[in-house]
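Heads up, the thing below is written out as structure tokens.
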């Protein structure tokens with residue numbers, strides 16, 4: 001048996017805290033309890049599929065009490081009847097086959113659940129249960145108790161049932177069906193076996209082919225007609241115009257051909273073309289369904305909060321019902337949904353969602369507390385000043401940037417090319433028609449249609465989807481998730497990069513700790529560490545982890561005063577750890593620092609200073625970026641770290657401090673007005689405005705499953721130093737696209753030379769078209785993979 | 001009537017049948033999640049019932 005790692009969650013087991021149960025070692029009671037639940041219910045198979053798959057269940061007592069409220073529950077359910085209810089819960093911890101197994105066996109743990117089904121890519125579980133024998137809150141508590149805490153936020157409250165759009169799958173299916181069958185039926189025409197056979201069955205085959213092509217022509221290709229029509233109306237020539245034109249001309253000419261018995265028509269090429277182009281579309285829309293790129297504050301805010309009524313009773317109310325003047329109860333780890341005034345004496349509020357700053361801020365009674373903070377520690381009470389939509393943070397979302405519908409704001413490279421392509425194509429077609437009309441009228445019409453058919457820019461239209469789709473997958477494998485393929489094009493255009501400071505270029509996981517003051521003996525250190533161990537304050541935890549491992553000693557007296565510090569006695573030695581005033585620090589100008597002060601036996605020793613830890617590889621990243629890009633750093637913080645930042649960043653980097661969310665947005669806007677293409681790299685909700693305004697908004701996230709504001713791409717925090725690589729790759733992707741454009745134009749020229757001279761046979765078209773498609777697709781795939789390898 | 005008409009009609013009918021099967025599959029949501037079923041099919045239907053060892057637990061009693 002492996003004694004180093006916890007059998008349930010796989011974390012290292014600290015020898016002193018090890019719990020041996022059923023011959024297995026666990027790191028904590030929580031993990032042991034989960035194992036116990038599973039073993040009592042014969043569900044230990046859970047541990048067979050994957051080694052240590054679990055998560056430690058967190059203490060969430062009271063957190064989901066709002067699920068007792070019927071009206072809230074009914075908003076969350078997908079389906080509800082007297083004896084059946086269906087709910088879809090999002091569970092971020094789902095990560096392996098064990099998870100699927102245990103979640104699909106929920107009915108063994110809880111009576112009343114009939115089935116549960118996991119959707120792994122979306123990290124969701126869909127549970128069907130009987131509301132008369134089990135309540136939703138009971139299910140949620142059960143899930144939490146086995147380490148699968150669902151993520152329920154205000155977002156779930158508003159969005160009803162989502163309709164999945166499967167039309168592209170249908171269209172692709174129809175297109176393939178038509179394409180395949182028409183190809184088979186065209187074989188006699190290709191090989192021209194013998195005259196008699198063809199003459200006898202020609203009408204039958206041709207009309208059958210015609211019938212087969214109808215669904216593909218009318219249904220599968222319908223998007224292209226709509227898009228072409230729209231682009232003509234808005235007077236922007238996009239690539240869909242020549243495509244739609246090519247398809248329609250091809251269909252009409254082929255129909256004319258078989259009606260007047262001129263030939264077999266181009267139905268095979270037509271349906272093949274539609275199929276390949278839809279395939280390209282499908283390839284491009286690879287999405288990361290477990291990520292959401294459209295998040296606003298609703299994904300962070302709780303659905304309900306505890307209100308204290310005037311008769312001192314507590315009640316769960318939906319956050320939208322909170323009125324000015326209400327009194328709210330905020331528990332440990334609960335998010336404050338509205339602005340208000342603190343009534344309780346002290347509170348430690350963690351604004352890491354908002355600013356990325358991990359160290360909690362202490363508030364006193366009467367202070368204003370802003371929405372978005374998380375209470376750490378004791379239960380607090382507050383009085384509401386503004387309703388949810390009026391709060392300081394949420395007002396950011398009333399800015400115009402968020403009102404814009406998601407219409408394509410930028411012209412894509414394909415559209416730029418097609419602005420020239422379409423007029424040139426039409427010119428050639430009419431010129432050839434004008435020439436042939438004096439020679440032979442029938443040939444003139446043939447040539448005219450042949451040009452439009454052969455020049456139909458399918459290879460051109462496929463280039464961008466396949467290149468970008470492929471690059472999207474390459475970067476996705478390296479934990480850089482992009483909203484869609486068009487973002488790559490924007491990435492390539494970026495010339496200015498704006499970084500947020502806290503949480504983006506600094507990590508909020510570990511702080512750099514240094515000690516200033518009189519030297520501490522090892523005995524002193526031992527007692528400090530022991531005292532810290534008993535405290536739950538985040539700074540205490542960080543300092544505890546920082547101090548070297550040593551034996552613990554017995555504490556005789558321990559007192560933690562919220563907002564001040566800890567006072568404890570060990571072997572008659574009094575240890576005081578806490579704020580400057582509490583420990584009796586002589587220097588008063590330490591306001592800009594985060595520090596923990598130490599006093600032993602009423603004698604001031606010194607302080608541990610917490611500096612922001614910059615992300616690994618930051619310096620080299622900035623150095624390499626500097627040559628190509630303008631770098632700017634925005635921060636919501638004060639100038640406390642200006643000097644240390646300046647040494648780290650290349651000279652000439654603009655540093656701007658004390659920026660409010662709206663100011664960040666304005667800053668980006670100003671840069672754009674100067675004609676710059678701005679990439680914003682941020683993390684917290686306070687960057688949301690800037691991320692939305694920028695040309696490309698990239699959000700840095702420690703945990704991609706849960707926290708990231710609306711953006712164009714999510715980058716996992718430990719891949720941060722690869723940012724320049726991704727930027728370079730996006731540029732290479734554009735180079736690939738340009739090369740491939742050249743190649744496909746070459747095909748068009750070859751095809752056109754057949755067409756202009758009036759020699760375009762259906763067989764030639766049937767060969768040229770798939771051939772060009774296949775070469776283009778393989779060319780761009782090989783090239784983008786090659787660049788991805790070479791640049792690394 | 002030539003046998004070719006018969007053969008082609010049969011082949012078209014078969015193709016259409018498969019096509020309809022595809023439509024039904026899409027409609028029922030089989031293409032929405034293409035990963036989970038591949039894992040699910042490998043689970044055993046029957047649970048391994050481990051012989052109940054005497055588990056030295058105190059919390060179990062009040063279930």
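Yeah, the Cβs are placed from backbone N, Cα and C, and that goes for glycine too.
According to TrEMBL, the feature transmembrane segment maps to residues A:207-225, out of the candidate ranges A:207-225, A:283-301, A:302-320. Taken through DSSP, the domain 'HMA' (A:85-151) splits into 20 helix, 19 strand, 28 coil. The average pLDDT for the domain 'HMA' (A:85-151) in the predicted structure is 85.
By the Cβ criterion (under 8 Å, sequence separation of 6 or more), the transmembrane segment (A:207-225) is not in contact with the transmembrane segment (A:737-757), since fewer than 3 such pairs are found.
When each of A:168-187, A:237-256, A:420-438, A:763-788 is checked for Cβ pairs under 8 Å to the transmembrane segment (A:444-464), A:237-256 comes out on top. Only pairs six or more apart in sequence are counted, and the transmembrane segment (A:237-256) with the transmembrane segment (A:737-757) gives fewer than three Cβ pairs under 8 Å, not enough to call it a contact. Within the chain carrying the transmembrane segment (A:737-757), a Cβ under 8 angstroms from the stretch's Cβ atoms is held by residues 413, 417, 428, 432, 447, 450-451, 453-455, 457, 459-460, 463-464, 467-468, 764-765, 768, 771-772, 775-776, 779-780, 783, all 6 or more beyond its ends. Under 8 Å from some Cβ of the transmembrane segment (A:763-788) lie the Cβ atoms of residues 186, 189-190, 266, 268-269, 272-273, 276, 280, 453-454, 458-459, 462-463, 466-467, 470-471, 474, 729, 732-733, 735-737, 739-740, 743-744, 747, 750-751, 754, all in the same chain and six or more residues away from its ends. Taking Cβ pairs closer than 8 Å, the transmembrane segment (A:168-187) reaches residues 205, 208-209, 212-213, 215-216, 219-223, 264, 267-268, 271-272, 274-275, 278-279, 281-282, 285, 766 in its own chain, all 6 or more past its ends.
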